[in-house]
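Asker: Next up is a structure, given as structure tokens.
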Amino acid sequence: MVDLKTKAFDFSQNFTISLDGPAASGKGTIGLILAKKFSLKYFQSSIVYRQLAFDCINQKIDVTDIDAVIALSKELNLDNNFDLENEDIGNIASQIAVISEVRNNLNKYLINLVKTTLRIIMEGRDIGTVIAPDADLKVFITANPQIRAERRYKQLQAKGKTCILDEILRQIILRDKRDKERKAAPLLPASDALIIDTSELSAIEVVEEITNYIKNKLT
């Protein structure tokens, strides 16, 4: 872990950033820009849940069959070329993420990835509180649900996908409720996280704020 008291911070050394927040808050775009700026490996923790959701669909496993979902979570394989970003998969991923045993199994994969990667920014819901509590920098991104729904709508439209704004908003509100109320690692910022509301900010403006924070606090 980086010594926060050092006066000459060297970005060539080991460095871990946790980037948490609700769905469609802008984490992905911000994380990718930060990863490029500071030469970090970028990883979305949601991919492991989306992969499991895809596997459930592919193997015709009902998400209410908890034992079957738990068993499948022990055999995770991320090596595929399928599109995991559609809203149906995201909704199922949110449902299975509330299963404690599933989170425990997938968290082992994520924790090991953080420990074995020297320079990484990991994005998710509980990275700063569960996966990487010793991260050098913890950031929590949030935004108004309506703004987030509009962002997701534009993203999907840009990919040529058919979508309905009201339905996206409904799903975001539902996922927020599920994420915040789940017993296993509910969505909340770490006590020492930098919290940024991106409702009125562009991704570049958020990156600038984080960069200034790093320069002021970590150097």
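Positions of Cβ are set from backbone N, Cα and C atoms, glycine also.
If you look up Swiss-Prot, you'll see Gly21, Pro22, Ala23, Ala24, Ser25, Gly26, Lys27, Gly28, Thr29 marked as ATP binding site.
Distances, neighbours, how buried they are, the whole picture for these features please.
Answerer: Its own atom aside, the Cβ of Lys27 (ATP binding site) has 28 Cβ atoms within 10 angstroms in the protein chains shown.
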Asker: What is the set of residues, excluding Gly21, Pro22, Ala23, Ala24, Ser25, Gly26, Lys27, Gly28, Thr29, whose C-beta falls within 8 angstroms of the centroid of the C-beta atoms at the ATP site?
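Answerer: Near the ATP site, beyond Gly21, Pro22, Ala23, Ala24, Ser25, Gly26, Lys27, Gly28, Thr29, sit Ile30, Ile141, Ala143, Arg148, Arg151, Thr198.
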Asker: Have a look at the binding-site residues (Ala23, Ser25) and report the one with the fewest Cβ neighbours inside 10 Å.
Answerer: Ala23
Asker: Note down the number of other Cβ atoms within 10 Å of the Cβ of Thr29 (ATP binding site), including every protein chain shown.
Answerer: 18
Asker: Which chain-mates of Gly21 (ATP binding site) that are at least 6 residues away have a CB under 8 A from its CB, listed by sequence?
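Answerer: Gly21 (ATP binding site) has long-range Cβ partners Lys27, Arg125, Phe140, Ile141, Thr142, Ala143.
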